[in-house]
Amino acid sequence: MSDDECPPLCEMETGGDSNGEEEEADEWEVAEEQNDPVRCLFCEQISPTMTVAIRHAKEQHEFDLGEVRRRFHLDEYSYIKMINYIRREKPEPAVFRSGTSAFWTDDKYLKPVENETWLMFDLDELDEILLNGNGAGSGGARENGNDVGDTMTLTTDQYRKLQGIINELTAQLREKENLLQHAASDIEKMKESFRNLLEQQEQKKSKAPEEKIAQIREELKHCVSTVAVEDDQGYFNTYSHFGIHHDMLSDYVRTASYRDAILENGAIFRDKTVLDLGCGTAILSMFAARAGAKDVISVDQSDIIYQAMDIVRRNKIDNIKFVKGRLEDSELPVEKVDIIVSEWMGYFLLFEGMMDSVIYARKQYLKEGGFILPNRCNISLAGYGDLDRHKEFIGFWKDVYGFDMSCMKKEVLREATVEVCKPEHVITNANIIANFDLMEVDVDCPNFSYDFELTVKRDCTLTALVGYFDTFFELPEHVEFSTSPYTKPTHWKQTLFYVEEPIPVREGQQIKGKFVCRRDPKDARSLFITIEYLGKVLKYTLN
């Protein structure tokens with residue numbers, strides 16, 4: 001097929017050659033207008049593009065942004081703080097060439113000093129700039145960042161491909177600008193939240209009930225309680241269908257562990273008031289009633305609560321009271337409870353963000369000396385090597401009925417995968433990367449990091465890292481269960497973080513890296529995961 005016979009893109013007008021050239025020229029002008037001038041971080045030099053500015057900082061000031069990112073483990077927030085710190089404090093470039101602890105952690109550096117082009121730069125683009133020879137061009141001499149002298153002739157097909165790349169980059173830039181505006185707005189909200197929290201902590205402890213509720217809600221900002229109920233309804237609707245409850249109830253490890261923790265510690269439940277948070281079919285409520293609880297308050301926002309009412313009536317249990325609604329927006333028939341019981345855990349423990357509601361219940365309703373079941377959980381990480389599964393899941397896209405769909409791999413790899421892992425494919429020891437005491441944690445607990453060190457057990461190939469969690473009921477009759485690959489599978493399965501290409505490893509090799517978990521700022525129930533190891537920076541979502 002000749003260049004002139006190239007089929008048009010869907011929904012694109014295909015007018016005469018003259019109009020096409022004018023439209024293409026307009027697209028070039030749009031791309032060029034996006035190159036805002038960039039002022040150097042350490043002098044008054046003005047560069048035409050970020051690529052030139054980054055090269056100038058490295059050559060003239062020995063400020064290597066790639067090395068700084070690795071040294072201080074910069075993510076998007078700490079990068080923003082660093083840029084604002086430089087503008088505000090005007091440090092010497094030499095301070096960034098030693099040490100590993102950032103000195104711009106103060107939240108005051110979240111506020112931009114000026115309209116700053118550096119803040120619009122996406123760190124994800126840095127690897128590509130460095131990979132392309134630190135931004136140096138290959139088509140002749142350059143003057144002030146512009147090509148001079150040499151020219152290049154493009155075929156129509158090459159021109160169209162290049163134009164498509166420019167259009168895509170232009171759209172990405174606009175998206176980055178929107179994200180930056182949202183981030184600036186979120187930062188202002190966070191600062192206002194911190195100010196209000198500090199003011200409230202200085203006030204007297206004895207407050208009216210309405211004031212105390214307002215204080216708790218203020219402390220729980222930036223968690224699921226801040227999501228409007230109508231926006232959160234999709235989450236609760238997933239629990240309205242019987243299918244998901246069949247999966248959970250038939251999970252023997254899960255359900256039997258709760259049953260044993262409650263019934264084998266009946267003396268603790270006897271004559272107590274119990275809150276069952278997210279009660280579902282009310283199975284835990286009925287266990288608590290059978291253990292001798294005086295009253296059980298069962299709370300759920302999903303419509304499954306109507307089936308739970310029928311289940312309780314059918315089993316002739318009369319001391320369970322139901323409240324339909326999200327706990328943070330509901331009023332319970334009691335002021336305080338002795339025990340909170342909840343099956344709140346999601347994939348990788350923290351997905352779905354239901355721990356936020358448990359924390360709210362603890363702050364608002366739990367009596368002094370009361371307790372939560374389960375009371376402690378942790379998350380573990382290990383190396384995993386299953387070549388057949390990697391070929392089936394990731395390599396699949398290379399040849400799909402004779403067509404190369406490899407471009408799909410990027411999206412597939414971006415999402416963490418939930419599946420049952422085989423113990424024979426676990427190739428390292430495990431590190432516990434996070435511990436959560438439900439009597440102590442706050443809503444910031446999903447934001448954590450851990451420097452892991454895994455030891456390879458045999459010569460093999462690494463295809464992923466696997467995450468799982470353990471749960472503890474630390475009572476006189478101790479009960480615990482694990483979602484490890486070495487134990488009986490549960491409906492939580494395990495969470496896999498695949499690599500794009502399998503990596504050969506040898507027995508005794510130390511795999512060192514950094515695991516960073518962050519709550520998605522746009523979806524309080526989702527997670528962003530960044531893992532740095534073996535010279536790679538890999539990013540995943542759980543949503």
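Start at 1 and count along the chain as shown; that gives each residue its number.
Backbone N, Cα and C atoms are what each Cβ position is placed from, and that goes for glycine too.
Residues or ranges marked as coiled coil in TrEMBL: 159-207. Looking just at the coiled coil (159-207), the mean pLDDT is 75.
Sequence-remote contacts of a segment are chain residues at least 6 beyond its ends whose Cβ falls under 8 Å from one of its Cβ atoms, and for the domain 'Protein arginine N-methyltransferase 3-like C2H2 zinc finger' (69-112) they are 41-42, 57, 61-63, 118-119, 123, 126, 183-184, 187, 190-191, 194, 449, 514, 516, 518, 530, 532. Among the features that TrEMBL reports, domain 'Protein arginine N-methyltransferase 3-like C2H2 zinc finger' is placed at 69-112.
Residues or ranges marked as domain 'Methyltransferase' in TrEMBL: 270-378.
Annotation source TrEMBL lists domain 'Protein arginine N-methyltransferase' at 388-533.
Residues or ranges marked as region 'Disordered' by TrEMBL: 1-25.
DSSP states for the domain 'Protein arginine N-methyltransferase' (388-533), grouped as helix (H, G, I), strand (E, B) and coil, give 22 helix, 79 strand, 45 coil.
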